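Have a look at the structure below before the remarks.
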Amino acid sequence: MVSTHLTSTTLPDCYRSLIVNSELGSSALMDLNSPSFLYPLLHTPADKGTLCTYQAALGKVYASLEVIGVGDDKLQAVHGLNGGKPHRDILGSRITRPTGIKPLCLPRHILAYDWLAQSLLGIVIGSISLAYNELLMMEKLKGFRPFVPHIPFDFYLCEMAFPRVKPAPDETSFSEALLKRNQDLAPNSAEQQIEEVRQVGSYKKGTMTTGHNVADLVVILKILPTFLTMLTNETGFEISSSDATVKILITTVPPNLRKLDPELHLDIKVLQSALAAIRHARWFEENASQSTVKVLIRLLKDLRIRFPGFEPLTPWILDLLGHYAVMNNPTRQPLALNVAYRRCLQILAAGLFLPGSVGITDPCESGNFRVHTVMTLEQQDMVCYTAQTLVRILSHGGFRKILGQEGDASYLASEISTWDGVIVTPSEKAYEKPPEKKEGEEEEENTEEPPQGEEEESMETQE
């Protein structure tokens, strides 16, 4: 008959280990405290306190007993952690140092079956290994605080929880002002001089020959072509006239990025930026072709130009923000333009683009990259407090001033203003940039401590 017995032994620093006494033919004692048995699991003696705790191992044994069909009545007979009561909640991520743990003895009616005893022996040893791996992981993560982003308040995501006590205000004039501003910003047919860009020649036909690697592009204009100037830069070149500019960006296929020679080829960041622009255009065409989204983005670009606090917002961030404000709601139906415009300012004011916020994930990048992390902490704060001021002005009827229909309004974000007897005080910045270290201080620090890397300190948040 095969019998299995589990008991406890005392280790330095009050740690517990397991002794597995297996009578298989000849009696053999396997003490988990012995270096010969610990080496495959620990690679170090057990006296350093790295052995998995008795609590975690027993928790897995209890779970294993339940898996193989041992009922609650039989588990009551298993002496263990909670005065003989079965434990099912010891499999969590918390592993603590055990105190006052009783020995574990499997009941005789369980040990009456050879197959069950052998299974339990394997379960115990396997559980010890798993528990130890969990403990090692916890030791590595000790003191590490995982990043858990917060979700800023968005009224339109929880509108049902805040029922109105008054009828919705009439915003017809606000909607008309938005449409009027969009009409002023949209280029007319005369300004849109490019009709089409076509690939032609042997490249388009697929009849190119060796030694004549030339691709022909034809730009069809709506106007009479005049003499143009060409300006080369690090990203490609620009063809411009007094009224319009065409930018030509150069890149390569993604597999070639690993083969670039810095002394021979273009900067990899330039090539990656052009590839990203292609992904952005493709995503926008597939997901943001709704007319309200396009109008809102045009208005946001105008807002960025007229208010310095919004300058850090890149065109791609504005694209995603406009799409989010119009389409991301419980009904999955596009919101009205006036509602979406107000929502943009509200969620920016609530901290959508602050360091701890969930923000907006870039749909064209891998790894859950939050688009606002391209901004510095100072810029993120500036966007937030500028939006807070404009939200208060908008709430008191100052939309014409915000839209630029009543002259320059850039001062509103930094000066006190009055709207229908209500005084609006601009929000103040919450982030203070750390003082820059002097050259002498940096040299002293370098002499005291050896450098640990070549990376410069950056204010950009990292994922």
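Glycine is treated like the rest: Cβ placed from N, Cα and C.
The annotation omega-N-methylarginine is assigned in Swiss-Prot to ARG94 (among others).
Here Swiss-Prot flags ARG94 as asymmetric dimethylarginine.
Annotation comment: Swiss-Prot describes 108-444 as domain 'DZF', evidence class sequence analysis.
Marked as omega-N-methylarginine by Swiss-Prot on the basis of similarity to another entry: ARG145 (among others).
Annotation source Swiss-Prot lists ubiquitin cross-link at LYS166, citing similarity to another entry. Listed in sequence order, the residues of the same chain lying 6 or more apart from LYS166 (ubiquitin cross-link) and placing their CB within less than 8 Å of its CB: none are present.
In the three-state DSSP classification, SER173 (phosphoserine) falls within a helix. What Swiss-Prot lists as phosphoserine is SER173 (among others), and the listing cites similarity to another entry.
The Cβ neighbour count for SER189 (phosphoserine), using a 10 Å radius and every protein chain shown, is 7. Under the heading phosphoserine, Swiss-Prot lists SER189 (among others), citing similarity to another entry as support.
Here Swiss-Prot flags LYS259 (among others) as SUMO2 cross-link. Under 8 Å, Cβ to Cβ, and six or more positions away along its own chain, LYS259 (SUMO2 cross-link) finds no residue. Following the DSSP three-state reduction, the secondary structure of LYS259 (SUMO2 cross-link) is helix.
According to Swiss-Prot, the feature region 'Disordered' maps to 424-463.
The feature compositional bias 'Basic and acidic residues' is assigned by Swiss-Prot to 429-440.
DSSP assigns LYS437 (SUMO2 cross-link) to coil in the three-state reduction, placing it in neither a helix nor a strand. The Cβ of LYS437 (SUMO2 cross-link) has 12 neighbouring Cβ atoms from other residues within 10 Å, across all protein chains displayed. Per Swiss-Prot, SUMO2 cross-link is recorded for LYS437 (among others), and the stated evidence type is similarity to another entry.
As annotated by Swiss-Prot, compositional bias 'Acidic residues' applies to 441-463.
Taken from Swiss-Prot, the feature phosphothreonine covers THR461, and the record attributes it to similarity to another entry.
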- Listed in sequence order, the residues of the same chain lying six or more positions from SER173 (phosphoserine) whose CB sits under 8 Å from its CB are none
- Between LYS437 (SUMO2 cross-link) and SER189 (phosphoserine), what C-alpha distance do you get in Å? 54
- pLDDT averaged over every residue in the domain 'DZF' (108-444): 83
